[in-house]
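A.B. asks: I'd like to ask you about the structure that follows.
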Amino acid sequence: RLFGPIPGRRILDLCAAPGGKTAQLVAAGATVTAIDRSTRRLKRVAENLERLGLVAELHTGDAESFTVGAPYDGVLLDAPCSATGTIRRHPDVPRLKGPEDVAKLAAAQARMLRRAVELVRPGGILIWCTCSLLPEEGESQIDRLLAEDDRLMRVPVAAAEIGGSSELLTPAGDVRTLPSHWADLGGLDGFHIARLKRRS
């Protein structure tokens, strides 16, 4: 939905496994190229697509160096992260990732983001998301990228695009979900989602 009208558009799904977002993009009518650095995990993507009767172009590769088929109309980067956003379901998560781990992940995310910018065409859309509660894996990444690269602009998400849930939007127009949101329904996982456009 955040990509806008999608039928016929060429979308690259970086870090695609296990393939749920890939499947949604294909089902919506996009021509999808999906990559993951793990052959085993990419096999799961293939199996899930086959089970659903969907087709995408799959590549084993590194999001930091991938070049096949570029530039794309849109790029989705669901970056590897600390997974602190899943704390309501996995209370042990904070003990599994220390500050050094988070720093390494944040550095890798920054490299992937810079690569993703090169893979999207002028006028195209880049969607960034992480299941993290930490600003260094979310808002801070995007703010720094925008400060360093004037080819990009933030495209604020409208409440209407996320079912009218304005409480899930930051002042800058990113999506920021928290475990405290919708507590009466059990809460939400923590996510940060930003939409960027590469200037024409």
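The backbone N, Cα and C atoms fix where each Cβ goes, and this holds for glycine too.
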A.B. asks: Could you look at Asp36, Asp101 and say which one TrEMBL places alongside Cys15, Ala16, Ala17, Pro18, Gly19, Gly20, Lys21, Asp62, Asp78 in the S-adenosyl-L-methionine site?
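C.D. replies: Given Cys15, Ala16, Ala17, Pro18, Gly19, Gly20, Lys21, Asp62, Asp78 bind S-adenosyl-L-methionine in TrEMBL, the matching entry from Asp36, Asp101 is Asp36.
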A.B. asks: Does anything in the same chain, at least 6 positions from Cys15 (S-adenosyl-L-methionine binding site), have a Cβ under 8 Å from its Cβ, and if so what?
C.D. replies: Ile35, Asp36, Arg37, Ala63, Leu77, Asp78, Ala79, Pro80, Met112
A.B. asks: For the domain 'SAM-dependent MTase RsmB/NOP-type' (1-199), what's the mean pLDDT in this predicted model?
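C.D. replies: Across the residues of the domain 'SAM-dependent MTase RsmB/NOP-type' (1-199) the model's pLDDT averages 94 on the 0 to 100 scale.
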A.B. asks: Taking the Cβ of Ala17 (S-adenosyl-L-methionine binding site) as the centre, how many other Cβ atoms fall within a 10 Å radius?
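C.D. replies: By my count, 21.
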